[in-house]
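Trainee: According to Swiss-Prot:
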- Glu94: active site, proton acceptor (ACT_SITE)
- Cys342: active site, S-methylcysteine intermediate (ACT_SITE)
- Cys114, Cys118, Cys121: [4Fe-4S] cluster binding site (BINDING)
- Gly168, Glu169, Ser200, Ser222, Leu223, His224, Asn299: S-adenosyl-L-methionine binding site (BINDING)
- Cys107-Cys342: disulfide bond (DISULFID)
- 100-336: domain 'Radical SAM core' (DOMAIN)
Amino acid sequence: MDQQKVNLLNYNYLQLRELLMAWDEKPFRAQQLFQWIHQVGIRDFAQMTNLGKVLRNKLSQLACIDLPEIVACQKSADGTHKWLLKLECGNCIETVFIPEANRGTLCVSSQVGCALNCSFCSTAKQGFNRNLSTAEIIGQVWLAARELSDNDGTHDKKITNVVMMGMGEPLLNFDNVVSAMNIMMDDLAYGLSKRRVTLSTSGVIPEMERLREVSPVALAVSLHAPTDELRNELVPINKKYPLSQLISLCKRYFKDEPRRKVTFEYVMLKGVNDQPEHASQLIKLLHNVPAKVNLIPFNPFPLTQYQRSSRETIDAFRDKLMKHGINTITRKTRGDDIDAACGQLAGEVKDKTSRSQRWQKLHFMSKTDKSTELTISSEEIA
């Protein structure tokens, strides 16, 4: 990207309006330009025919619409798409589209790698490099919308839902994520309703409080354990923000909208968090919480110490929660044949921590000493 030019994908509508006014342009031009970029999907200013030649020339000199580069695209047997996107810095992130009969969900990344270290997630083993810019986040939506349209020659609105559940912890990139979600919900851009944009967090309490004040999007919490002792192992940020704080906030998160509920995500790990006593503990934990629970069959990745719970175990767990009035569903595994399922996204990360090197060392050890059983704790790879 030309360092002298501003990338317009970093601007929401109001910011774009202010930018054009600073360039001595009429405010109404912002709406036209915003729609060209996001609704029509045009990057070439020369093709924005209702802007006027003088403005088009000015935009060509001062601005650009720079996107991540698609370096690979895979399509699963079930129709799931996964794109590997190269950033200007050389790192790569992944974006996934999951088609269903009446909806299409785009799973969007927020960081290069992840700043957290959940023990059951492949992204965490890649380490962390940096936060994504607003342009790199909304650029995933822009690219997916164009790719899906171009592939079958239609211009139907295929992306009906966006989930901030890709690589990274969204709330540790608060400003850029909120800015991108605002563009997603803008009627001049992608026009998604607040109930169709979901942010998933591991429980960064201060930023959850901020999000509640400034954004109406749906909230999902990566819970995965019903006690602090177990969650400390699976989701280490729990040591800083324990369940008592997390559940207290979730109880009042949608207090002004009593019909809305917090979704609690719970990965099913064989013999770890899937036993009847865990279900009983979860029922007690979520008492009086406006909640729905999403059970996620574990999706394996190299060197993981975990296994997926059996279908019978998952069904029994779900049924027990349902009998106690907790709305519970089991997420259908999609895209696992191309490593696009929940917890499998990895990308290509130039790790600025030592986490990926430690993980690779452990992987090498497991290959060279098959006689030694390798047990990995979250502390060892933090």
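Note that Cβ sites are derived from N, Cα and C of the backbone, with glycine treated the same way.
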Trainee: Filter the recorded positions Glu94, Cys121, Ser222, Leu223 down to those whose C-alpha lies within 10 angstroms of the C-alpha of Cys107 (disulfide bond); answer none if the list is empty.
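Mentor: Close recorded positions: Glu94.
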Trainee: Report the nearest neighbour of the residue listed as 'active site, proton acceptor' in space among the binding-site residues Cys118, Gly168, Glu169, Ser200, Ser222, comparing Cα positions.
Mentor: Gly168
Trainee: Taking each of Ser200, Ser222, Leu223, His224 in turn, which of these binding-site residues have a Cα lying within 10 angstroms of the Cα of Cys121 ([4Fe-4S] cluster binding site)?
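Mentor: Of Ser200, Ser222, Leu223, His224, within range: none.
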Trainee: Please report the number of other Cβ atoms within 10 Å of the Cβ of Cys118 ([4Fe-4S] cluster binding site).
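Mentor: For Cys118 ([4Fe-4S] cluster binding site), the 10 Å Cβ neighbour count is 23.
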Trainee: Could you tell me the C-alpha distance between Gly168 (S-adenosyl-L-methionine binding site) and Cys118 ([4Fe-4S] cluster binding site) in angstrom, no decimals?
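Mentor: Cα of Gly168 (S-adenosyl-L-methionine binding site) to Cα of Cys118 ([4Fe-4S] cluster binding site) measures 11 Å after rounding.
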Trainee: Quick one: what's DSSP say for Glu169 (S-adenosyl-L-methionine binding site), helix, strand or coil?
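Mentor: Where Glu169 (S-adenosyl-L-methionine binding site) sits, the three-state DSSP reduction gives coil.
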Trainee: Taking the Cβ of Ser200 (S-adenosyl-L-methionine binding site) as the reference point, list residues of the same chain whose Cβ is under 8 angstroms away and which are at least six residues distant in sequence.
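Mentor: For Ser200 (S-adenosyl-L-methionine binding site), the qualifying residues are Val163, Met164, Met165, Pro170, Ala220, Val221, Ser222, Glu265.
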Trainee: Who sits close to His224 (S-adenosyl-L-methionine binding site): which same-chain residues at least 6 apart have their Cβ under 8 Å from its Cβ?
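Mentor: Counting only residues 6 or more apart in sequence, the Cβ neighbours of His224 (S-adenosyl-L-methionine binding site) under 8 Å are Cys118, Phe120, Arg231, Leu234, Val235, Glu265, Tyr266, Val267, Asn273.
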